[in-house]
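Below is one structure; the comments refer to it alone.
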Amino acid sequence: MMLTNRQIRVRLFESLKNSFFKKTVGISFALLFILLITAFSLIVVRFEYKLQLNEQKNLILEDTRLDEQWSQIVLEYSSLATPTAVEKFAQKEKMTLPTRKTIGFLNEQKEELNNE
């Protein structure tokens with residue numbers, strides 16, 4: 001018995017339709033769909049991981065740079081507080097040590113102001 005092209009197409013379509021609604025084929029398609037979702041999720045997660053890793057590296061570099069700046073600032077302040085630096089500043093501003101006559105106590109000054 002010879003089948004026509006139309007009959008072959010109809011039987012093939014019915015065969016696909018019947019097999020598609022079977023449990024095994026439905027489960028296979030569901031698993032394929034889950035597999036594709038998982039693969040795309042993995043791609044997204046790895047991309048986000050690389051972005052976060054790059055951000056972490058940038059933050060570590062910035063932390064190192066800020067630590068170096070902090071060390072420089074601490075060194076500058078400590079060098080400004082040395083006795084020689086203070087003495088040079090005092091000479092530049094023409095400062096002198098106070099004499100006994102120029103030293104006054106705050107309590108005495110308040111009393112003088114109150115008496116006036």
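Each residue, glycine too, has its Cβ placed from N, Cα and C.
Note that the structure is a prediction, hence the values are computed from the model and not measured.
Taken from Swiss-Prot, the feature topological domain 'Cytoplasmic' covers 1-24. On the 0 to 100 pLDDT scale, the model's mean across the topological domain 'Cytoplasmic' (1-24) is 79.
Residues annotated as transmembrane segment in Swiss-Prot, with sequence analysis given as evidence: 25-45.
Annotation source Swiss-Prot lists topological domain 'Periplasmic' at 46-116, citing sequence analysis.
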Residue distribution over DSSP helix, strand and coil in the topological domain 'Periplasmic' (46-116) = 55 helix, 0 strand, 16 coil
